[in-house]
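Right, one structure below, let's go through it.
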Amino acid sequence: MLELIGRIDYRLGVGALIVALIIVIIVWTIAYIEYRKLVRQRRIDWLVKRIKERAEDSGNESGGDTEELETMVDMGHLRLLDGNDL
(Lines of atoms letter the chains of each structure in order from A; the text may use other names.)
(Lines give C-alpha, C1' and ligand atoms only; values in the text may rest on other atoms or scores of the structure.)
Protein backbone atom coordinates (compact mmCIF):
# COMPACT_ATOMS: atom_id res chain seq x y z
CA MET A 1 0.00 0.00 0.00
CA LEU A 2 2.81 2.39 0.85
CA GLU A 3 4.54 1.55 -2.40
CA LEU A 4 1.45 2.62 -4.34
CA ILE A 5 1.24 5.90 -2.46
CA GLY A 6 4.93 6.46 -3.00
CA ARG A 7 4.64 5.95 -6.75
CA ILE A 8 1.77 8.43 -7.15
CA ASP A 9 3.18 11.71 -8.28
CA TYR A 10 1.96 15.00 -6.82
CA ARG A 11 1.10 16.13 -10.35
CA LEU A 12 -1.73 13.60 -10.44
CA GLY A 13 -3.27 15.15 -7.33
CA VAL A 14 -2.92 18.66 -8.71
CA GLY A 15 -4.46 17.57 -12.00
CA ALA A 16 -7.38 15.96 -10.16
CA LEU A 17 -7.97 19.16 -8.19
CA ILE A 18 -7.93 21.25 -11.37
CA VAL A 19 -10.41 18.92 -13.08
CA ALA A 20 -12.66 18.99 -10.00
CA LEU A 21 -12.50 22.80 -9.92
CA ILE A 22 -13.46 23.03 -13.59
CA ILE A 23 -16.41 20.68 -13.04
CA VAL A 24 -17.58 22.70 -10.03
CA ILE A 25 -17.40 25.96 -12.01
CA ILE A 26 -19.40 24.45 -14.87
CA VAL A 27 -22.08 23.02 -12.56
CA TRP A 28 -22.51 26.26 -10.60
CA THR A 29 -22.66 28.28 -13.81
CA ILE A 30 -25.43 26.07 -15.17
CA ALA A 31 -27.28 26.29 -11.84
CA TYR A 32 -27.03 30.10 -11.86
CA ILE A 33 -28.29 30.34 -15.44
CA GLU A 34 -31.28 28.13 -14.60
CA TYR A 35 -31.97 30.19 -11.48
CA ARG A 36 -32.01 33.41 -13.52
CA LYS A 37 -34.43 31.80 -16.02
CA LEU A 38 -36.72 30.79 -13.15
CA VAL A 39 -36.68 34.27 -11.62
CA ARG A 40 -37.39 35.88 -14.99
CA GLN A 41 -40.28 33.48 -15.67
CA ARG A 42 -41.78 34.20 -12.25
CA ARG A 43 -41.58 37.93 -12.95
CA ILE A 44 -43.28 37.45 -16.34
CA ASP A 45 -46.02 35.32 -14.75
CA TRP A 46 -46.54 37.97 -12.07
CA LEU A 47 -46.87 40.72 -14.69
CA VAL A 48 -49.33 38.68 -16.77
CA LYS A 49 -51.42 38.02 -13.67
CA ARG A 50 -51.33 41.72 -12.74
CA ILE A 51 -52.34 42.78 -16.26
CA LYS A 52 -55.25 40.31 -16.26
CA GLU A 53 -56.45 41.54 -12.87
CA ARG A 54 -56.32 45.16 -13.97
CA ALA A 55 -58.10 44.34 -17.21
CA GLU A 56 -60.89 42.62 -15.30
CA ASP A 57 -61.20 45.47 -12.80
CA SER A 58 -61.12 48.43 -15.14
CA GLY A 59 -62.30 46.99 -18.42
CA ASN A 60 -59.01 47.71 -20.17
CA GLU A 61 -55.44 46.61 -19.76
CA SER A 62 -52.65 48.58 -18.17
CA GLY A 63 -50.31 50.04 -20.77
CA GLY A 64 -47.39 50.43 -18.39
CA ASP A 65 -47.41 46.81 -17.31
CA THR A 66 -47.78 45.64 -20.90
CA GLU A 67 -44.79 47.74 -21.94
CA GLU A 68 -42.71 46.33 -19.09
CA LEU A 69 -43.70 42.81 -20.05
CA GLU A 70 -42.86 43.48 -23.71
CA THR A 71 -39.37 44.62 -22.77
CA MET A 72 -38.85 41.57 -20.57
CA VAL A 73 -39.77 39.06 -23.27
CA ASP A 74 -38.27 41.10 -26.13
CA MET A 75 -41.40 41.15 -28.26
CA GLY A 76 -43.09 43.95 -30.11
CA HIS A 77 -46.77 43.32 -29.47
CA LEU A 78 -48.07 40.87 -26.93
CA ARG A 79 -51.43 39.26 -27.37
CA LEU A 80 -51.57 37.53 -24.02
CA LEU A 81 -54.92 39.01 -23.07
CA ASP A 82 -56.68 38.30 -26.35
CA GLY A 83 -58.31 35.14 -25.16
CA ASN A 84 -61.91 34.03 -25.14
CA ASP A 85 -61.83 33.49 -21.39
CA LEU A 86 -61.62 37.21 -20.53
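Cβ atoms here come from the backbone N, Cα and C positions, even for glycine.
Look at Swiss-Prot and you will find Ser58 (among others) tagged as phosphoserine, backed by sequence analysis.
Swiss-Prot lists Ser62 (among others) with the feature phosphoserine.
The topological domain 'Extracellular' annotation in Swiss-Prot covers 1-12, and the record cites sequence analysis as its basis. Across the topological domain 'Extracellular' (1-12), the DSSP tally of helix, strand and coil residues reads 9 helix, 0 strand, 3 coil.
Feature annotation from Swiss-Prot assigns topological domain 'Cytoplasmic' to 34-86.
What Swiss-Prot lists as transmembrane segment is 13-33, and the listing cites sequence analysis.
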Close approaches to the topological domain 'Extracellular' (1-12) from elsewhere in its chain (Cβ under 8 angstroms; 6 or more beyond its ends): none
